[in-house]
Amino acid sequence: MGNSFGHLFRITTYGESHGGGVGVVIDGCPPLVEISEAEIQAELDRRRPGQSRITTPRNEADRCEIMSGVFDGKTTGTPISILVRNKDQRSKDYSEMKEKYRPSHADFTYDAKYGIRNYEGGGRSSARETIGRVAAGAIAKKILQQVAGVEIIGYVKRIKDCEAVDIDPNQVTLAQVESNIVRCPDAAAAEKMIALIDEIRKQKDSIGGVVECVARNVPVGLGMPVFDKLEADLAKGAMSLPASKGFEIGSGFAGTLLTGQEHNDEFTVDDQGQIRTKTNRSGGIQGGISNGENIVLRVAFKPTATIGKEQQTATRAGEEATLAAKGRHDPCVLPRAVPMVEAMVALVLCDHLLRHQGQCRTLS
């Protein structure tokens with residue numbers, strides 16, 4: 001349970017960090033969507049380990065294989081299965097963690113819930129699980145772009161106390177994001193962020209930060225009232241990512257400092273006769289339904305739990321102990337979290353697009 005996400009465009013991820021591989025089954029994808037392994041691979045390459053000195057040195061190519069659901073380069077409407085085989089497992093690095101719990105990791109809670117856990121790489125709690133999400137997100141992005149011209153771009157907004165301020169979510173480009181290894185389009189801030197990560201890596205410690213993501217050209221009407229509000233599903237998707245600890249959309253928590261008059265997005269009519277808002281403090285969503293403005297959201301990620309510094313912990317037998325974790329881990333998850341956040345946004349928007357068309361376009 002808990003391994004599937006979505007309603008009409010529904011994904012189920014499978015596999016473990018040190019098993020034979022990881023992947024995803026996508027159910028509900030419309031037929032005749034042109035997709036290739038190369039398009040999916042381009043997204044996975046942004047997520048894969050070992051891509052720079054500030055990410056985990058685990059050496060995985062993460063080559064994807066489409067096992068079913070695509071024929072002659074087009075989706076068939078049947079379940080799509082995508083597999084990525086694990087190649088660079090080093091299970092011996094985790095032998096000490098068989099008995100000792102990593103502080104702030106899922107080790108203890110998995111053990112307490114199930115009475116058993118895969119301590120090699122964390123099993124299902126490993127960030128390698130997100131490979132399936134990113135692969136599915138590549139297809140969701142293709143559908144969104146093809147049907148509605150939606151563009152989704154994520155980037156690192158802040159690492160520790162270093163925040164990028166010279167970013168316009170309405171104008172930022174993928175090329176700007178990918179211009180440096182930290183995936184921050186503010187070049188000056190990016191240099192400082194990289195220096196921060198380099199220093200913390202040398203100390204065998206870790207740091208966290210914030211990913212901001214914008215979805216542009218989102219059509220009006222996506223989202224459902226009450227329990228299936230668009231921002232609620234976006235929050236669920238974002239908060240299901242490993243190491244995520246916070247979510248906000250539009251003005252977020254800063255909006256609590258404003259009055260209603262200051263915060264309200266006043267309406268206007270543009271030159272094409274379309275109803276627009278003068279500002280976008282709502283973040284593109286009002287009443288749980290997209291209003292046609294850009295959706296802007298932020299996701300906070302904690303520092304990586306597995307660090308090489310010695311920490312106080314406990315064993316499965318209930319004895320106090322110390323642990324200096326071995327293994328290969330990200331000193332900061334933010335650079336690789338960018339495509340993960342984009343994927344979850346794409347999955348939610350694609351699902352709601354199909355649901356909207358099914359309910360509201362049936363008789364039109």
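Residue 1 is the first one shown; counting continues down the chain.
Including glycine, each Cβ sits where the backbone N, Cα and C put it.
Source: prediction; values computed, not measured.
Taking a C-beta cut-off of under 8 angstroms and a sequence separation of 6 or more, ARG53 (NADP(+) binding site) has the following same-chain neighbours: ILE181, ASP198, ARG201. Annotated NADP(+) binding site per Swiss-Prot: ARG47, ARG53, in sequence order.
For ARG124, SER125, SER126, GLY287, LYS302, PRO303, THR304, ALA305, THR306, ARG328, the entry in Swiss-Prot reads FMN binding site, with the evidence type sequence analysis. Within 10 Å of the C-beta atom of ARG124 (FMN binding site) sit 20 other C-beta atoms, taking all shown protein chains into account.
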Neighbour count (Cβ, 10 Å) for ARG47 (NADP(+) binding site): 25
Three-state secondary structure, which DSSP defines for THR306 (FMN binding site): coil
When distances run from the Cα of ARG47 (NADP(+) binding site) to each of the binding-site residues ARG124, SER126, LYS302, THR304, THR306, the nearest one: SER126
Per DSSP, three-state class assigned to ARG124 (FMN binding site): helix
